[in-house]
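What Swiss-Prot annotates here:
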- C229, C232, C304, C307: Zn(2+) binding site (BINDING)
- 43-52: compositional bias 'Acidic residues' (COMPBIAS)
- 353-449: domain 'Rhodanese' (DOMAIN)
- T60: phosphothreonine (MOD_RES)
- 42-62: region 'Disordered' (REGION)
Amino acid sequence: MIDSEALESERVKLKRDIADLRANLNRKEQCLRELEAAIAAGEDSDEAEESSNDMPTPQTKLTNDDIARYSRQLILQDFGVQGQLKLKNSSVLIVGMGGLGCPAAQYLVAAGCGHLGLIDYDEVERSNLHRQILHSEHRCGMSKAESARIALLELNSHCQIRCHSRLINSMNAMHIIRPYDVVLDCSDNVATRYLLNDACVMLRKPLVSGSALKMDGQLTVYGYGQGPCYRCIYPVPPPPEAVTNCGDGGVLGAVTGIIGAMQALEAIKLIIGLGDVMSGRLLIFDGSSFMFRNIRIRTKRPNCHVCSAQPLITELIDYEMFCGMHATDKDNPLDLLEPDQRLEVKEYHQKLQSQPHLLLDVRPPAEFEICQLPRSINVPLSEILDDSYLKRFAKQLEDKELPIVLLCRRGNDSQIAVQHITNRFPAHSIRDLVGGLHAWTGSVDATFPIY
């Protein structure tokens, strides 16, 4: 018997794939045209840029164009011509051309930073555009570093920009960071934070660190003067299951804009020696109440493994192994359950979906409202962990034969939930849906929305 519903789903999937391929081809062709135009205008290729760590000869005077362009900051008493010259001869490396890196780069280039390095291994996606303001719809599929470079050169063609379209790691970090004066950590993962911290301490580079999640943001400067480094504050990385990035927790684009702009400001202050640097202090921004708090953080740790007088770590290590998580902002898939506690989406669709079962969606209510599987019941992970779900499902839990399936967006929170429920009800059949709703879209129903 022909399953017309399955055939229709496959037809829709193929049509969508073909449309995506055509759109991607158009984007790639547009990107190629822009790159060729940039090269024709005299921009160096990546290979030529990265073949040497030497920065151009320092400039000793401002041009008429400089004076006209930067006049509003030149007239600042604490900035002036000498400040602009320092900025013109400076070099800043931005790691991560996402929600923080884009506004930071934009303001540094606009202010007249002479040399900018951009690092990002990833490509532009549509889900980036609400906060990563240098990218555009027609550059989806393009390297983020290259996309940002195109936008930045339109803003200020006098800035020298190097693109590093790769993942920064223990093998290349020292070589990449060495020629720059200041490093901005605009990444979204713990492993990269430790990597940048250690490399910057070893190379004596100040590290301007920013982060943003949901409606909140933070900013500080590590490894500057007598201030602490990142390891002084966090000598041991958090467990992977305790880490939330903006892909999981969400973020409002304007929040990343605020923090990224402040990272640019701190970099400018470091370069020209303006004001008090945020070393030894942490700026906390609460976007919900629009409150800023400036708190003191601990001083240098005398026995810090990296920045102390007798460091135990004198060369870069394997940071993914050290942190137990990937050095990217992509999903770090958890592996908490035994194979018999996991259920593939195709198996669920073909066998269990038509049988009596309890399907619990452990996403927050806001995410459940976006999309949900038929017959799924929303029970947020927080309710499972505090056991408030027990009264709600007391009757179903009495039936040890009733299969219980838990799902989430990508298959991580559902594993945590299965672990918790299984500890209380070890005799029940409780499984999680591998890969969550993303796997459902990829393997079962191509029309189901992805977010």
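Using N, Cα and C of the backbone, Cβ positions are placed for all residues, glycine too.
Quick caveat, the model's predicted, so the values are computed rather than measured.
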For this session: Write out, in the order they occur in the sequence, the residues of the chain not among C229, C232, C304, C307 that have a C-beta within 8 Å of the mean position of the C-beta atoms of the recorded Zn(2+) site.
Result: N197, V201, Y222, G223, P228, Y230, R231, K300, R301, H305, V306, S308
For this session: Restricting to the same chain and to sequence separations of six or more, state which residues have a Cβ under 8 Å from that of C307 (Zn(2+) binding site).
Result: V201, G223, P228, C229, R231, C232, K300, R301
Exercise. If you average pLDDT over the domain 'Rhodanese' (353-449), what do you get?
Worked result: 92
Seminar exercise, completed: For C304 (Zn(2+) binding site), the nonlocal same-chain Cβ neighbours (under 8 Å, six or more residues apart) come out as P228, C229, R231, C232, P235, P311
Exercise. C232 (Zn(2+) binding site) has how many other Cβ neighbours within 10 Å of its own Cβ?
Worked result: 25
Problem set entry | Other CB atoms, at most 10 A from the CB of T60 (phosphothreonine) | 8
Seminar exercise, completed: Taking DSSP helix as H, G and I and strand as E and B, the domain 'Rhodanese' (353-449) has 42 helix, 14 strand, 41 coil
For this session: Run through the Cβ atoms and count how many others sit within 10 Å of the one on C229 (Zn(2+) binding site).
Result: 22
Exercise. DSSP on C304 (Zn(2+) binding site), three-state: which is it?
Worked result: coil
Problem set entry | DSSP three-state assignment (helix, strand or coil) for T60 (phosphothreonine) | coil
